[in-house]
Amino acid sequence: MEKLEVVDVVDENKEDWKGRKALKLEYGGMGAAVLILVMIGFENLGTFSLAVNSVPYFSGIMHYSIPDAANMLTNYMGTGYILAIPVAILADTWIGRYRTVLISGVFEFLGLALITAQAHYSSLTPPSCNVYDITAHCKTPNSGQEALLYIGLYLLAFGSAGAKASLPSHGADQFDETDPEEARKMSTFFNTLLLAVCMGGAVSLTFIVWIQINKGWDWGFGIGTIAILLGIIIFAAGLPLYRFRVGQGTNDFVEIMQVYVAAILNKNLLLPEDPAELYEINQDKEASVEIEFLPHRDFLRFLDRAAIQVKHDVESEKPPSPWKLCRVTQVENAKIVLSMIPIFCCTIIMTLCLAQLQTFSIQQGYTMDTTFTKHFHIPPASLPIIPICFLIITVPIYDRIFVPVMRKITGIPTGVTHLQRIGVGLVLSCISMAVAAIVEVKRKRVARDNNMLDAVPILMPPLPISTFWLSFQYFIFGIADMFTYVGLLQFFYSEAPKGLKSTSTCFLWSSMALGYFASTIVVKSVNGATKHITRSGGWLAGNNINRNHLNLFYLFLSIVSLLNFFIYLVVSTRYKYRSQSPSVPAANSKK
């Protein structure tokens, strides 16, 4: 009984800040997780406005063309997401998540501080000029000014990557997933995490954007810098309260890479007819250690070559090289990851569409009537507040009402499968782009009917059409977000190998990164392909959004999204769930 009591109050998989076994009553839990949620909220408060309102800064203050400014934003966003993968590996293997968050926070603070300084001092920006006046010859940033901008942006991107990679996982570390009571609290933490992201984003999209437009870019960036600093201080203060998962020195990412390398090196070996001849460690011998064992599955057989034992390896007393011989469990984990890649690829197009709402749609808003009430005008960059507020309201309804009802109908614990949820989001993103094309047609018709095709945004009266017409595309895409991105997180977490669950969110971040990078390529390719068939020099060329063909670009993206959805249907119906593995123990363990 005494032993059971000790196990009940100690999280065996975590340590406290002094390296001792973490006592559940003293360390971790929701009390410590709240500090992590506050950090997440402040981090989003400080940086979220950059994702939606930096194009006007890049074009209006730094004098980049609108397509170049849009590409700068998507490259910055993509870098922040793609760097989350190597940072997560470093955090899980060597540095630890707490230190990673602190280091990343410092990088974010320095990056945003540099951008704030550049926005404040006129000597660090090009001379003031109206880039929308075709007769003006606005100077672009010199090499020093451009270098300072890029250093600040990519310091911020690196810091953001560390926060994405480590904050959710460190929050989950505050709970013992083997304890049913704490497992329920962990679920509450993840739901509250989404709320913290939305709350921070809501403040950033309203208050920070308003400050940037009405008080100055330096004030907006400066408040964001202070928010990140406060988040770092509050997060660091929780050191005596946190539970810590110690770095293992090895990582499942590395083990999966070993499978691919070994399969290539063994490409000339013949696959045995009996899978029991493949290599596996002695399961009985390792019974005292928590090691994952997976049974062999008869698909992607070419990876099985990584587990083929040759006579030399069997007779040798030295342990086999992990880059030439891998366990069956390693191979099965590698198969799982490889089979998830087609699903992963089908979600890239959705982020490509999201990038347009964060760039070109904001520019549309600056040409439209932003009147909300008689004395209040809503900044176009604040329009994404509509889907965020909708998510704050809808996510609890989805979790508490929709899921239980669908659970009774389908018998699936989550109401619908993760892949079905992702598919719904992909359809909605296609509809969002189609709606965006229709709204742009209407906006341009209003400009043409009122002889305002060459109207200069901000300096001249806006078009007599409300900016709230853009809310339709944002609203639909917000629903798509709830389905696809949350569905992806659940899918990757449930299907990922045991050792990758803590960093499985990086699959989502890398999907988004590729979507942002794809946006840059698509924008340049479309401009190049349509350069000689349009008067404007390309569908998206120039700073006059009234003269280009954004409606055709949106329609193109809607068609691409529809084709992508049909591909997803084929891929998802052929996917073999991890739960489809045989339930019997692996027969190929070597005694």
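Cβ coordinates are placed from backbone N, Cα and C, and glycine is handled just like the others.
Curation plays no part in TrEMBL annotations; they are all automatic predictions.
According to TrEMBL, the protein carries these features:
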{"type": "TRANSMEM", "residues": "27-52", "note": "transmembrane segment"}
{"type": "TRANSMEM", "residues": "72-94", "note": "transmembrane segment"}
{"type": "TRANSMEM", "residues": "101-121", "note": "transmembrane segment"}
{"type": "TRANSMEM", "residues": "147-167", "note": "transmembrane segment"}
{"type": "TRANSMEM", "residues": "188-213", "note": "transmembrane segment"}
{"type": "TRANSMEM", "residues": "219-242", "note": "transmembrane segment"}
{"type": "TRANSMEM", "residues": "336-357", "note": "transmembrane segment"}
{"type": "TRANSMEM", "residues": "377-398", "note": "transmembrane segment"}
{"type": "TRANSMEM", "residues": "419-439", "note": "transmembrane segment"}
{"type": "TRANSMEM", "residues": "472-493", "note": "transmembrane segment"}
{"type": "TRANSMEM", "residues": "505-523", "note": "transmembrane segment"}
{"type": "TRANSMEM", "residues": "552-571", "note": "transmembrane segment"}
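Contact between the transmembrane segment (219-242) and the transmembrane segment (101-121) is present: at least three CB pairs lie under 8 Å, with pairs separated by 6 or more positions in sequence. For the transmembrane segment (377-398), the neighbouring stretch richest in Cβ pairs under 8 Å, chosen from 27-52, 188-213, 419-439, 472-493, 505-523, is 188-213. Between the transmembrane segment (101-121) and the transmembrane segment (27-52), the number of CB pairs under 8 angstroms, six or more residues apart, is three or more, so the stretches are in contact. Within its own chain, the transmembrane segment (188-213) is flanked in space by residues 30, 33, 37-38, 40-49, 52-53, 57, 168, 171-172, 174-175, 219-221, 223-224, 379, 381-382, 384-385, 388-389, 391-392, 395-396, 399, 486, which lie at least six positions past its ends and keep a Cβ under 8 Å from the stretch.
Of the Cβ pairs linking the transmembrane segment (27-52) with the transmembrane segment (147-167) and spaced 6 or more residues apart, 3 or more are under 8 Å, so the two regions touch. Within its own chain, the transmembrane segment (72-94) is flanked in space by residues 50-51, 54-55, 58, 64, 100, 104, 153-154, 156-158, 160-162, 164-166, 169, 247-251, 253-254, 355, 358-359, 502-503, 505-506, 509-510, 512-517, 519-520, 523, which lie at least six positions past its ends and keep a Cβ under 8 Å from the stretch.
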